[in-house]
């Protein structure tokens with residue numbers, strides 16, 4: 001579970017009340033990036049997670065940043081979340097924010113087949129920019145409240161995520177379904193990845209016995 005304070009810098013978007021990120025608790029800082037095609041609900045998911053508010057109007061994002069201080073699995077963390085553009089005309093900006101991200105929420109809409117096709121390209125681009133075979137990424141099928149308009153089967157998305165070593169959530173920003181869970185799972189994936197990336201600790205030097213230098217008898 002997570003809890004904590006939040007703030008945002010999105011233009012024309014509601015700002016959360018309460019304390020800001022000026023004095024984060026001791027712990028971790030993770031840069032999370034929300035990516036996906038245009039109109040899939042990236043901003044709605046982000047604002048629902050940050051401010052518990054559903055944005056119903058589609059307002060194309062260029063780039064908005066938010067901060068949330070929360071606790072995941074008992075460990076405090078500051079999450080710097082970047083909500084990115086999905087439109088093709090802003091595609092040149094993608095590599096810049098991909099370089100900075102510690103983890104990615106890869107979003108499509110279950111009622112938009114094209115948006116699902118696009119996540120494969122974004123996944124490949126993330127790994128290329130990071131020069132890694134694996135990276136912390138969580139796949140989210142948003143707009144689960146539009147089941148009667150579904151174009152992407154749950155089994156298809158689950159199979160894709162499993163083959164690419166991602167956790168998959170079907171979420172609804174409108175119903176606040178699996179919103180917190182997706183972000184929390186991404187934090188866990190980032191932690192696990194960073195632990196694996198840490199260099200091994202150097203072997204500790206053997207302790208010398210009291211009584212001076214060791215001697216060799218001839």
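Every residue, even glycine, has its Cβ placed from backbone N, Cα and C.
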Which range of 49-57, 58-66, 67-75 is motif 'Effector region', per Swiss-Prot: 58-66
Neighbour count (Cβ, 10 Å) for residue 42 (GTP binding site): 28
Local confidence of the motif 'Effector region' (58-66) - pLDDT mean: 72
